[in-house]
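According to TrEMBL, the features are:
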DOMAIN    42-343  domain 'AB hydrolase-1'
ACT_SITE  147  active site, nucleophile
BINDING   216, 339  substrate binding site
REGION    363-382  region 'Disordered'
């Protein structure tokens, strides 16, 4: 079990964005686990995906609408062992979990809404670097993330090569592809065409709930594989309903469920801002292209791809693995599609453990480690497909 970690907020100052706009008085919320050692060289940065947050591990609570999205990753004796490492998990710039975003107060005291500027993955990484500065961390022993978090992990290694010793990129690419952008465009339209959107200035109202739910349904279909959806649902109607008489298909009910779940915990303007940041992702922008950018990496790079991922395909990860810094290209063998980076924890945690094992923190730098029982054995092999749970948060 991991120790409890409450969410904190750090003022990091003004941030000049790639667009040239300046965000004033940026705040970054985050959670930490473990202890930063005297040498300040045992820090690990864990980066969440599109609609995730800093609550990597732990239970739901008054300030946490969902349980941790990578349960078992962080804690004493866990794959990221808090007896050895100090873990930092920030909430992303543009989100709605305490870090500056569209629902945050602008300098005039009202929510930014439609005036929130366009942000990029690179801007998000710069904000995270300012947080690291405020925490007194010059370099991270490891930076790890999946999906959009993997984009940021890679951008960290390219933008701040001297500040990242190990980098793990899971289910992500070096630049957003036309296919990924194509899937996101109807999501953006669904939100903006909802009559409750009001051009983005819907606060303090509930906002475009229907549009956001539809956007999530579109997105969630790309997070899972065709194989899984076919095996789980086939052409079955939802229980007690007949599609030939106006009822729903079971897969339709499944998507509607996930759309409704997101609406209860997420802001529509943040969904737009973060999706557009994902679309703009390109580590090669202004650096002579992707290949040239990947040559900037000095960290030991580990890349993980999901065999059945149709959103960030294995080919996307193979491009990242083309970096001279890549030490391992790991294939996560799974029928669950993109979400496997959240579901296949035995395989994913193994990738992270191997990256950490390649460069352990020097013994002299480690915090004092209490004696105790050995770490539990690895989790059992995954259950059959049809009884596998849905990923908790993406």
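Placement of Cβ uses the backbone N, Cα and C atoms for every residue, glycine included.
Each residue contributes its Cα atom, and for residue 216 (substrate binding site) and the residue listed as 'active site, nucleophile' these two points are 16 Å apart.
Separation of the C-alpha atoms of residue 339 (substrate binding site) and residue 147 (active site, nucleophile): 9 Å, rounded to the nearest whole number. DSSP assigns residue 147 (active site, nucleophile) to coil in the three-state reduction, placing it in neither a helix nor a strand.
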